[in-house]
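Feature annotations, reproduced from TrEMBL:
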DOMAIN    A:56-316  domain 'AB hydrolase-1'
ACT_SITE  A:Ser161  active site, nucleophile
BINDING   A:Arg231, A:Asp360  substrate binding site
ACT_SITE  A:Asp326  active site
SITE      A:Arg328  site 'Important for acyl-CoA specificity'
ACT_SITE  A:His359  active site
There are 2 protein chains.
Amino acid sequence: MNDSSPAPEEFGGLGIVVPQRITLDAPLLLDCGRTLAQHELMVETYGRLNADRSNAILICHALSGDHHAAGFHAAGDRKPGWWDNCIGPGRPIDTDRFFVVCLNNLGGCRGSTGPGTINPDSGKHWGPDFPIVTVRDWVRSQALLADHLGIRQWAAGIGGSLGGMQIMQWAIDLPERIRHAIVIAAAPKLSAQNIAFNEIARQAILSDPEFHDGHFYEHGTVPSRGLKLARMLGHITYLSDEAMRAKFGRVLRGGHMQFNYEVEFEVESYLRYQGQQFVDRFDANTYLLMTKALDYFDPARDYSDDLVAALSHASARFFVLAFEADWRFSPERSREIVQALVAAGKNVSYALIESQLGHDDFLMPLPEYHQLLRAYLNRVALEVGA
Amino acid sequence: MNDSSPAPEEFGGLGIVVPQRITLDAPLLLDCGRTLAQHELMVETYGRLNADRSNAILICHALSGDHHAAGFHAAGDRKPGWWDNCIGPGRPIDTDRFFVVCLNNLGGCRGSTGPGTINPDSGKHWGPDFPIVTVRDWVRSQALLADHLGIRQWAAGIGGSLGGMQIMQWAIDLPERIRHAIVIAAAPKLSAQNIAFNEIARQAILSDPEFHDGHFYEHGTVPSRGLKLARMLGHITYLSDEAMRAKFGRVLRGGHMQFNYEVEFEVESYLRYQGQQFVDRFDANTYLLMTKALDYFDPARDYSDDLVAALSHASARFFVLAFEADWRFSPERSREIVQALVAAGKNVSYALIESQLGHDDFLMPLPEYHQLLRAYLNRVALEVGA
């Protein structure tokens, strides 16, 4: 870090935050039928838990997220946590009022027990032997974490995309433990097209010769080609056609056709860069497992495919947000959730945010979006005396 | 063929058709600056050229198409040509009135000169040394074919998707040689999102270890993993979200979660099957080259990015058709063509066809679609005395 650069704290956020590794010793029975005797989760917390432990907010991450939601890990870090624009003192998720908890999910690759950690039974990497976990499993694991932290009920659970699905599942499976469910840019289940994108991503990884049936750790390699393709494909679904047009257009590097397969259009350069960055930070087995958790998510399945019946168990108040430009989980998908909640007689607010970027808008500091979150969470804070 | 099966002729189509290999000896200067001294095209023709050679229709194929547009090659064939439902005696493109010409484009992999044929200079497969051709190059090649067949002016040129782009280019580059331009499910140029999909398909092929920098022929292998992924990805863009939902839903094979990465959802089975089929019939170098021709297509580029100026050169009458459910080249993209034609003072008809399937609708026998084509081509036939 250059000595004249401002310290991260000067930007008004959380400054330096310290992740902790928490071991949960209670056995965890998974949907697949297997049991984990214990597991570890990487966790970050921001703000202070109040005396009656009523001001805790759970943040659930999406496909490629982790526990590092806000602040910096070190003074020299180029980037803060993935939702730093929304979490911090005076920010919409206000750490002066709330105790905010974010974790790397079970099966993740940022330190929580997952395919890339060591299986105590074998002394080797779990790799493909790590169980495929579901959103329900994550809720169970997160409930053990809440127990560990002494949190009986979350003031609110908040998540975007796959994170929003976890919040829905919390409200259905453990209704008494979540007061408000804030579900952002999500869907009640994946469409066949959503599954199709995930399947191609998985096939790219599975068919990479460096994948070695998931045992690539022992071969000292990574299926970088497959993982790169998977991430490039993901990026197409995170941006709207319009946003790509505005961002990249059809600009040719050098201004003329090259007649080869090198990077030529700006969008190609962007995708290759994003793909390569991802390979350097993400685990292929975790990517497979996360996409499968997405595909499996379908809380209505346990209730004869009746989403209204599933949501009738919830006692949380809901705030559902969608983004105009999002075509991965379009506003129509959020409205399916809202309509089922209305039909189940639940308390629900819905906001459709004007946006341009696409699915990724849920990570952006759009003024309307942040004002709505701020106003909603202000009421939550007053309720719990925070 | 089972002896009791009806012969293809009994279905009312063209019956058995015979492709021909035509050698074009005139030098062909390509956009990349290289010249092919001669080239061969695989061609099928249906119907009879009339005495004044005025009733010829050119059919241009899309990304993965070929010269076999209609009829059967042998009595035992399971499937007819790719547009058999539209071409034949009494069909919308009526071979009782028109002389229909369809070819496998230069660079293709169904017999025309391309990466998989032998380079006469080296005695080896062209492979990656085959020039990247453009839509303009195809029009030049097709014009040589028209010369060879003695056709001064096409009564109409018809094409869907990339085929429609070739028809637009004909109308701009050789206006006196095309009387009607029927442009179906096309766009004036690819969007950044369209290019992004193509780029991922190319990266899947280029990064396959079996690709061998395009020299896989000499290695006795094919980059099947990459080509399969590319095709799977293409299929996502050929079907609407709605169509996938209707066709596959979220049906789980066996009715429950398997907790592995085998085929589980119906849409996965479909995509893997389509991908595998494609590997068995298509050349990876051709796929690269075809996607690049798509990306490069931009007739306005030669006219200071002014599509109106580009189209002001056309003298053909235009019929532009789009499909409601098409999100690859949506109706908005067709309207861009129509608006530019209107601004250029051209004669243009536009039809938006009610549809469900998606981009693939242009290959379907939708009654409204075929009726409109039939009515339009009936007027064309009357004009040319066919």
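The backbone N, Cα and C atoms fix where each Cβ goes, and this holds for glycine too.
Note that this is a predicted model, so its numbers are computed, not measured.
Structural mapping of features recorded in TrEMBL.
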{"residue": "A:Ser161", "record": "active site, nucleophile", "DSSP (3 states)": "coil"}
{"residue": "A:Arg231", "record": "substrate binding site", "DSSP (3 states)": "helix"}
{"residue": "A:Asp326", "record": "active site", "DSSP (3 states)": "coil"}
{"residue": "A:His359", "record": "active site", "DSSP (3 states)": "helix"}
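For the domain 'AB hydrolase-1' (A:56-316), the predicted model reports an average pLDDT of 97. For A:Ser161 (active site, nucleophile) paired with A:Asp326 (active site), the C-alpha to C-alpha distance reads 11 Å.
Across the structure, A:Asp326 (active site) and A:His359 (active site) place their CA atoms 4 angstrom apart.
Of all Cβ atoms in the protein chains displayed, 23 besides its own lie within 10 Å of the Cβ of A:Arg328 (site 'Important for acyl-CoA specificity'). With the fewest other Cβ atoms inside 10 Å of its Cβ, the least crowded of the recorded positions A:Asp326, A:Asp360 in this structure is A:Asp360. The CA atom of A:Arg231 (substrate binding site) is located 14 Å away from the CA atom of A:Arg328 (site 'Important for acyl-CoA specificity'). Within the same chain, residues at least six positions away from A:His359 (active site) with a Cβ under 8 Å of its Cβ are A:Ser161, A:Ala185, A:Thr237, A:Tyr238, A:Leu239, A:Phe323, A:Asp326, A:Trp327, A:Arg328, A:Phe329. The recorded positions A:Ser161, A:Arg231 differ in how many other CB atoms lie within 10 Å of their CB, and the one with the most is A:Ser161.
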